[in-house]
Amino acid sequence: MTALLSVDNLGKEFGGVHAVEDLSFQVEKGRIHSIIGPNGAGKTTLFNLITGLYQPTSGSVHLNGRSLAGHQPHELAPLGMCRTFQNLQICMNMTALENVMLGRHRHLKQGTFTSLFKLPALRRADQQCREECAELMEFVGCGQYIRHHASAMPYGALKRLEIARALAASPDILLLDEPAAGLNRTETDALREVIRKIADRGITVVLVEHDMKLVMSISDQVLVLCYGRKLAEGTPEEIRANPDVIDAYLGNRHSREEATA
Amino acid sequence: MSEAIPQSPPRVRATAKWPGLTVLAVVLLVLPFLAGNDYHYDLMIKIALTAGVAVGLNLLVGYAGQISLGHAAFYAAGAYGSALLVSHYEITPVPAMLLAAVGVAVLAWLVGRPILHLKGHYLSMATLGLGVIAAIVINNEDQLTGGPDGLTVAPLSVFGHELSVFGSYQLFGLTISGTQVWYGIAAGFLFLSVVFALNLIDSPLGRALRALHGSEIAAQVAGVDTAKFKLRVFVISAVYASLAGSLYGYYGGFITPNIASFTHSIELITIVVLGGMASTYGVILGAVILLLIPQFLTGFQELEMVLFGAILMAVMIFMPRGLVPTLARRFQKEAP
């Protein structure tokens, strides 16, 4: 099986600080691939590199065998990649439904004259889009907010709304940046089901997350980052048993023994 | 999270536009009955044309989040452009007006294209420069533009009928004055401006624009080429200004470089900010207020600019959303 997303020797320096260094990994189609690591390990930087918000200092990213080098962020949705953000990027000047409809942007006509005159074809397409997006809001579990303004929604629902917007672009691969951050246990459990359902639709999911319970219960593959480098990679069981990972999270064995002594 | 999932897709409809448009149409139709004399008509015509420009400018400022300090230049280009096309090239007024609008669109595209790729408020700097250049050119090219003395504009003619302010016309057995005909044209222009603006805002293009204001990153990730969309709305807003400028020239029959002045650009921005950014009906109210104020200041004309500045500051400090959105919010809160 070929990799859908392939990261090779990727590196990013911020004025001498190596946020990501010589990182290589592959994400296979249809999998849930999680990226974990202590704070400052470079997880979000990695996402920003993959989605074109940052340009890498070295290395390359390939999606479906196509290099993403030099691509602007807006060129990635047409290539089948969409993402959510750790700090919400919701348009608070729009309704909840319009936020999701924004995600379908690339599927809709946007000619200047078509828009000014609101031609019937555009009107029909927009109405269909509206209904599809309302369904997506039901799908991610924030259906009760379909008629709400985005600014009137609670935090947990906004996180789902962002997922719905990303799904509206009908991506092949979806990058979720800490979707469970700030959610309580019940909400996280519901989120797990949403991510499962997304994967069941055949969408590849790359997940950056701190919530270990969520990561370990849902991932096919886990990548552990530490100071911008790959520390370990494997199935959740392998990661759980990996001594390097335990060291990174809990301190090394030597200092642990000192602490208990 | 155990809400029942409906079997059929939820019925969701776009927000209806007809209530607002009906109110606007009724107001525009009733106003002539309240007008006592030609002076009232003159004021209403000028307000309607300026409001049309403001509705267009609001697309740029309120929705795309960019500021133009040179819209008077586009207005003047429309006015002078169509006047000169008629007098020098013997093109009939309506095609001249459309040609001028195409010219202004190209000008706006050329100015906006390199600048809108940059982040930040570089567009305001560039349009400020453009406005100053336009005023200088109109003042100094007196062979062509008449310079500070102004330029006489041939009246609008449609299918060979001259529509002069001083004329008198028969319509369905009624005698209506030229001023009344012009009120109809200006009101029609404003109404269509609003229809087109509302259509645009509610289209996928409009959503992309609003998203730029809400979260540029979100828009980009959804696949919106932000630079392209900002440029497009900048061109559209310039065309609004150009068409209004052409109509103003045909209506007044005489134009001066004043319409290209920096003061005029500031007046337009003040209207948008006062009425309410991203509120199409709000900016119409903004135009009404700002154009009525000088009527009470006759004899103190030098105070006008000071007053605009004061209004701009007061609005920014006390109601940064603008008049109409602030009041709307207050009413919503008070309602049970």
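Cβ atoms here come from the backbone N, Cα and C positions, even for glycine.
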When TrEMBL is consulted, the range among B:47-66, B:67-86 described as transmembrane segment turns out to be B:47-66
Outside the transmembrane segment (B:305-324), six or more residues from its ends: residues with CB under 8 Å to it: 263, 266-267, 269-270, 272-277, 279, 281-282, 285-286, 289-290, 293, 297
For the transmembrane segment (B:96-116), which partner among B:18-35, B:122-139, B:181-201, B:271-293 gives the most CB pairs under 8 Å? B:122-139
If we skip the immediate neighbours and take only residues 6+ beyond the ends of the transmembrane segment (B:271-293), which ones have a Cβ under 8 Å from one of its Cβ atoms? 20, 24, 43, 46-47, 50-51, 54-55, 57-58, 61-63, 190, 194, 197-198, 201, 210, 213, 304, 307-308, 311-312, 315-316, 321-326, 328
What same-chain residues lie close to the transmembrane segment (B:18-35): Cβ under 8 Å, and 6 or more beyond its ends? 41, 44, 48, 180, 183, 187, 190-191, 194-195, 198, 281, 284
